[in-house]
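A.B. asks: Mind looking over this structure? Questions follow.
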Protein chains: 4
Amino acid sequence: MKYPPVHYHDYLGLNPLLNAQHPKSTEYGKPAHDELLFIIVHQTYELWFKQILFELDSVLSTFQKPTVAESEMGIASARLERIVSILKLIIGQVDVLETMTPLDFLDFRDMLYPASGFQSYQWRLIETKLGLRIGDRLAYNQSPFYKSLSESQQGEMLNIMNQPSLHDSVEKWLERTPFLQGENFNFWDSYKEAVNKMFQDDITTVKNNPRLPDEEKAKTVAGLEQTLKSFDALFDEEAFNKLRAEGQFRLSYKAMHAALLIQLHRDQPILQTPFRIIRALLDIDETMTTWRYRHALMAMRMLGQKIGTGGSSGHKYLADATAKHKIFGDFFNLTTFFIPRSQVPPLPKAIADRMSFHY
Amino acid sequence: MKYPPVHYHDYLGLNPLLNAQHPKSTEYGKPAHDELLFIIVHQTYELWFKQILFELDSVLSTFQKPTVAESEMGIASARLERIVSILKLIIGQVDVLETMTPLDFLDFRDMLYPASGFQSYQWRLIETKLGLRIGDRLAYNQSPFYKSLSESQQGEMLNIMNQPSLHDSVEKWLERTPFLQGENFNFWDSYKEAVNKMFQDDITTVKNNPRLPDEEKAKTVAGLEQTLKSFDALFDEEAFNKLRAEGQFRLSYKAMHAALLIQLHRDQPILQTPFRIIRALLDIDETMTTWRYRHALMAMRMLGQKIGTGGSSGHKYLADATAKHKIFGDFFNLTTFFIPRSQVPPLPKAIADRMSFHY
Amino acid sequence: MKYPPVHYHDYLGLNPLLNAQHPKSTEYGKPAHDELLFIIVHQTYELWFKQILFELDSVLSTFQKPTVAESEMGIASARLERIVSILKLIIGQVDVLETMTPLDFLDFRDMLYPASGFQSYQWRLIETKLGLRIGDRLAYNQSPFYKSLSESQQGEMLNIMNQPSLHDSVEKWLERTPFLQGENFNFWDSYKEAVNKMFQDDITTVKNNPRLPDEEKAKTVAGLEQTLKSFDALFDEEAFNKLRAEGQFRLSYKAMHAALLIQLHRDQPILQTPFRIIRALLDIDETMTTWRYRHALMAMRMLGQKIGTGGSSGHKYLADATAKHKIFGDFFNLTTFFIPRSQVPPLPKAIADRMSFHY
Amino acid sequence: MKYPPVHYHDYLGLNPLLNAQHPKSTEYGKPAHDELLFIIVHQTYELWFKQILFELDSVLSTFQKPTVAESEMGIASARLERIVSILKLIIGQVDVLETMTPLDFLDFRDMLYPASGFQSYQWRLIETKLGLRIGDRLAYNQSPFYKSLSESQQGEMLNIMNQPSLHDSVEKWLERTPFLQGENFNFWDSYKEAVNKMFQDDITTVKNNPRLPDEEKAKTVAGLEQTLKSFDALFDEEAFNKLRAEGQFRLSYKAMHAALLIQLHRDQPILQTPFRIIRALLDIDETMTTWRYRHALMAMRMLGQKIGTGGSSGHKYLADATAKHKIFGDFFNLTTFFIPRSQVPPLPKAIADRMSFHY
């Protein structure tokens, strides 16, 4: 009533959409049946990439504010989870693409040279906005990745590469986490104490174990001491910063601490949604990795040892990128420093109270 | 080398594709975040529908030939299976769509009136080309389904409704199946004999069972006799045609027999691919039904008891259509007439030989 | 060190587990290859049912406490979401089961009589503990559902049927929701006002629309007035209770209001996790329905018009149960009463403050 | 009637099955909620492994016959495809397992030491029966993989390692493929000729391209010549055997040729099912690889840089095994030697005739 009537066909722009498939093999008079599938799989990828970018931009703008309102956290977490849901869907598209056999692909493969998935501007944007830095990327054909984009895209990409990524903004947000210290409470000191106590107890248990031969005792104790030592990275800011400079960590010392607090005390009302946000970021990283990996396998199947349409040694590049292109790796690393919940020092009542509601 | 170089962006028509999203809520100055998702989910549906139609047309053209070459059967079966694979993928898209909550939908729902999925020309084409007849369809808002299409689409649709569907062509192909009789072999007579023998044996077993009280004996025997009677539909052409006229069967008597032969002797080399084709048609029917059903549930969740954007009582229509819009229902019904393999009369050696290779 | 060493094989109880498959067809000397698949599909179902029950019991015990601690809400929501995740997985098992053809099933089907999925005690427990009442169930073979269970299971089931279900406990929890009124705020009055205003505005717009013919005006206005009237159910406790007695609603008047508050103001920090809990309950209902539906389709495919192993007209029962066995139907119905967010009256600042954190 | 009545509960062995879960954390008086999930995920894996082994054994026994009957090929292909279907299902189980967080795992992780998925006898059997040789395996903790099995399992495993695997049997079956030569036809010679012609044509096209600078011409020609040279491996038995001895190929020269024939002429009626079998073997390899990969990612997430329960550097081992544990790698490699269908020499009519039916 209030708005002019709308028809499904126009609303969805089906004219431009369904006329945007132009198989090269038809153009060259050698129609290859499976080229349409190839086009449509990639077009749906790009439509989903557009959606992912849209969600990502909205989450970015939330996290780039000087203070992130608690009332926006639920939305941010839902939108990140939506990205995960889309990524899981498009992993399934590989199954559809694989109904095309390598021989069917050969019917039009030469006609696409040198087009390649590496030229997907939107995928590169997703990676960049999430926080994949140029130094994190595998070199591809000896040029920086953006060289395979069109000129105007290169300009935009360089611009975006200079803006804060989601990784950067999440780091700042983590650094602002309250509760890390105050009122006779220092999260970090109390955690350090608990870790030390736990390992010392373990060492004593081993030493006092009458069934254990001396040699094995020594070996086990040495192992425990070494693991304990690895925690130093977390307890000594200088040591941490040294490792960070070497590339072992990316998040700041303070942000790591905050992330650990959120993980260990995720049941406190105020940390429930932040915990979901960290989990969604892990899921995005893991799902993107899985997507790349499925593509690497598919490329190997499609091309054997041949070179990819873009001139890359296709599946090899993808398999390597798979391992390397991690963004929120520190959230994975953090697990190394978890201790069993029974050993985690309980929060002082005053702190726990402030993490909850009062109505 | 042989072909001019191609860039990913141009090849995939990303300019028209990624500029075909025009949220109404933006146009009206009340941007609703989730409208883009709504558009993109439906656009990817339509892209996949285009692909399904493309495969369907190719299979149709194979089956519409006077004789279907054995060397085209593998391709036909692979393309039908590809359709199944696409349908399974897009069922998964419902999960993504459901990340939009009913409240988010309300932000722009009024702006879309009266657009509705019922206006999808391509989905209607898929149904029609597969063989869904207008009489099989649930009436929708008291008008024939094609009235919700644009004028030019209505013309094309009426034209296509008058052409042989895949159901029609498969029926003709089945009717041409050799081996139904010949050389002292009549598949049908021998099957009828086996069915009769099996039921008579069962009846005798029951009658001779000393543990069974007389009342139960009578009841069980009556049940067996009734089931045996239901086979008459298959053994008596006149009876069959009567039931067919009443709408209980759609395939012809001869086509039903051929389908049964293929099912029971699917391991014979010449029947292996036909068996796969029938299975793929069953899968298509079942997967389309599941897709409709997931949408009915989603609509109910999104709208409650509200009316659909197209003015339909959304989920109710979908749920009913789900049950009614079956195309290859006879392949489901056929199962009723299967008997255990151990009771199926073996093929005479001369027939089995002709169903195999000789190199 | 601290615990005795464990071997994978013993830890997982693989001896009993992998020796619990006893195909009847082998026992009777007529081995049917696909019976093992049939057994294992159902065994994995039952293992997953055990896991679902375990999560359900833990959520039940949380919600049955006189007050549900905010710090337990995150866990409850995660466990309900885990149930959804398991249900989605086992829907996928239908794909595996369908690799068995109807003919393969016939090889051993008679040997299983009258075993049937209707005898699954654990599935019945899941339904009952969630809140499916005996009156909500489709009668099956003219006896109450629990009659197909073993005697000791019947006793336990009757006992559990008399205990509060998750539906009951969630209802109580909703009724305790604060913020529905207080301090010059009455959520309900202010919502009622907004609804009235919205409809009156719509009616005025229609009446003043010069392009609209009088007849259509009248019809549209009548439609709007009728919809507005349907809201009475929500605004008039007596009217609501009358409809509830007729079975149109199951939740209490107060619980419905609370659920609406949570939906409309889900971004308030204190409502973020409750919103997730309601969503998970909707997901559980929808996923269970989908699971039943896929089974109904599969049964139709497997049996045609034959009778199920348990003597039921298999797929018919399942299809009907699918529609009827809803538990949290009111959360679906609630959508009917949503109005666009732009029309929802904003919370008074004092209320909004109390829904947030103060650290 | 014919068989004694059966109850669902007994038929499925639910007593042993549902009593086979014994969480260590309960035994030690420190119940950890998520341990049951951990047990059940692994128990369902093992049930599915049993099913996979059952299908595998049946396919093995088909392929180990001196001649494989054409009438068994449809069954063999269906059973291999069922394995793929099961593998896809259990990849989805990782999603369920990941609803357990690393912190939840820590609650009972120490109690499981040194149990580990590496001790799964059935998974090792699947790999071994498919054809993974000990030399193909990544060393794990410096001992042969079977050392982590129990003693009696080690004996059986060594025995099975000495029997022909599916890879071996498929190789023998491929070597027996007719049509590779005969009646004035030599598949290989004619393919070699086609390859040579194709590359010479390409080289001529490049050389005659006036737009191409000389330097680029030289580079491109050199590339083409090098690729052509790589085909020598396929055309020169001695060269092939040398590469095979170096581990670049595993299949025999003759089997490789047969596999190529099947791929290139898959539409010939007699090759339709063999083509499906090769595709299913590729799918099995690819899906097992994906399963391992998802586990590697999950282990990294669960453990960070910690050591796996079995004392392995968990995710690192899995990620490496992922890449290395390929069985039918030659079917992937074969793609390297495909040429576009338009260049493939057509089969002589006499040969094509013998590949078809004559009824």
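Including glycine, each Cβ sits where the backbone N, Cα and C put it.
Annotation comment: Swiss-Prot describes B:Phe38, B:Ile39, B:Ile40, B:Val41, B:His42, B:Arg109, B:Thr309 as substrate binding site. Positions annotated as heme binding site by Swiss-Prot: B:His295.
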A.B. asks: Counting across all protein chains shown, how many other Cβ atoms sit within 10 Å of the Cβ of B:Ile39 (substrate binding site)?
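C.D. replies: Other Cβ atoms within 10 Å of B:Ile39 (substrate binding site): 21.
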A.B. asks: Could you tell me the C-alpha distance between B:Arg109 (substrate binding site) and B:His295 (heme binding site) in angstrom, no decimals?
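C.D. replies: Between the Cα atoms of B:Arg109 (substrate binding site) and B:His295 (heme binding site), the distance comes to 17 Å.
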A.B. asks: Counting only residues 6+ apart in the same chain, whose Cβ is under 8 Å from the Cβ of B:His42 (substrate binding site)?
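C.D. replies: The answer is B:Gly117.
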A.B. asks: So if the criterion is CB under 8 Å to a CB of chain A, which of the binding-site residues B:Phe38, B:Ile40, B:Arg109 qualify?
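C.D. replies: Only B:Ile40 pass the 8 Å Cβ test.
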A.B. asks: Have a look around B:Ile40 (substrate binding site) and count the other CB atoms within 10 A of its CB, chains all included.
C.D. replies: 23
A.B. asks: I want to check the contact list for B:Val41 (substrate binding site): same chain, sequence separation of six or more, C-beta distance under 8 angstroms. What comes out?
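C.D. replies: In sequence order, B:Gln93, B:Val96, B:Leu97 meet the Cβ cut-off.
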A.B. asks: Work out how many Å separate B:Ile40 (substrate binding site) and B:His295 (heme binding site) at their Cα atoms, rounded off.
C.D. replies: 16
